[in-house]
Amino acid sequence: MSQNIGKISQVIGAVIDVEFEPGKLPPIYNALRVTNPAIDDNENNLVLEVAQHLGENSVRTIAMDSTDGLVRGQAVLDTGKQISVPVGRKTLGRILNVIGEPVDEMGPVNADKEYGIHREAPEFVDQSTKVEAFTTGIKVVDLLAPYARGGKIGLFGGAGVGKTVLIMELINNIAKQHGGFSVFAGVGERTREGNDLWMEMKESGVLDKAALVYGQMNEPPGARARVALSALSIAEYFRDEEGQNVLLFIDNIFRFTQAGSEVSALLGRIPSAVGYQPTLATEMGELQERITSTNKGSITSVQAIYVPADDLTDPAPATAFAHLDATTVLSRQIAELGIYPAVDPLDSTSRILDPQVIGEEHYAIARQVQYVLQKYKDLQDIIAILGMDELSEEDKLVVARARKIQRFLSQPFHVAEAFTGSPGKYVELKDTIKGFKEIVDGKHDDIPEQAFYMVGTIEEAIEKAKKLAV
């Protein structure tokens, strides 16, 4: 088959128009290749993805790398297929870019199989309808805002409250307890953070259980708008071909939308609300619908969500919320108390915190814990003004238990062992429920609150109390 070659007719930033001979237009989503001397000395080093057909013989494409150095009339090769990325176990421990090339200087990936990045969501008949909780081993999450297997979790939090550490602990727990793999998509985030994550994962020994796909802030919008899809294809392979329960991390889902909005105007689309692309909900839906449980395995995704100007009604975060099953909110106030993970127990929510899914006992204890913490929050103003002595005996008891619960919600992480000096703890769900039940029932009213800080199970708290008493 002869090669289909076109030529560049127009370059507008990240958007390139390419002219082909009549009747030889490449289909939408096809990958085209062109040589850009400004990137490096390799031939056909720039990938363009067909986004629109213009008239008889022109296509409008989005570039996946820098377009500086391109000129009109340059030859463009149609590869005849969409952007494909290597999949399978060879991708574990590697860093890939949007087009599946390794960027960790550790040689080629040599995978046996490739997947296209645009794939159909699983058919209804293949999807699993069973709703079950996904145990993470992190007490605060499992008790108060449990994750659903094959669900989507939004991770909210400002800078420096522990999003990355929480993500790394989840990767660690999935690898060690469930033997599963994780895929991390760095979408439009800081390159330094991407490097830090790689280094920390290497040090904590979880790197060989995860594949990393990066399209960071310095990349053109084309790469940032597609890198989440590349990572998702790698995760889909582990789910569909190996029957794994995969964890997919997307940091940050807002940047996916932001990149789409950057190229949307260049593609000639009329902007919609707040200047976002008119296809915002469709693009988000195409990505999110592929993240699901099937009869073979599941992809559970944790997505960090940046909220522009803290406005939750902004179209970008608002569209993402529509797809979420659970939210984990990290709070600076809790981090300031030294309680890590700094998850806000009253602000975090889950769709499966429901007695029909998690059982009556778990549900009742979670609600009791929330009640005690809420009551303590309501009493804090009185305590600040009048002091503890002005409270009734009943309220004093509530405050004492709430402070114990607050500390018992903290937990030493495996990935933070190097910094904290205490060994990490994975807490089974039954132990979590038992521990909080005993605190709420008043079985440990005699134990000092510091005994509950940074321990795993309630037995450890009792042991710690004995040591403190000596």
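Glycine is no exception: its Cβ is also placed from the backbone N, Cα and C atoms.
Annotation source Swiss-Prot lists ATP binding site at Gly157, Gly158, Ala159, Gly160, Val161, Gly162, Lys163, Thr164, citing sequence analysis.
Where Swiss-Prot records a feature, it is marked here on the structure.
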| residue | record | contacts (Cβ under 8 Å, 6+ apart) |
| --- | --- | --- |
| Gly157 | ATP binding site | Lys163, Ala304, Val329, Leu330, Ser331, Ala342 |
| Gly158 | ATP binding site | Leu330, Arg332 |
| Ala159 | ATP binding site | none |
| Gly160 | ATP binding site | Ala335 |
| Val161 | ATP binding site | Leu330, Ser331, Arg332, Ala335, Ala342 |
| Gly162 | ATP binding site | Leu330, Ala335, Tyr340, Pro341, Ala342 |
| Thr164 | ATP binding site | Glu193, Asp196, Leu197, Glu200 |
### 8 Å Cβ shell about Gly157, Gly158, Ala159, Gly160, Val161, Gly162, Lys163, Thr164 centroid, ATP site members excluded
Leu330, Ala335, Ala342
### Task
Look up Gly162 (ATP binding site) in the DSSP assignment and report helix, strand or coil.
coil
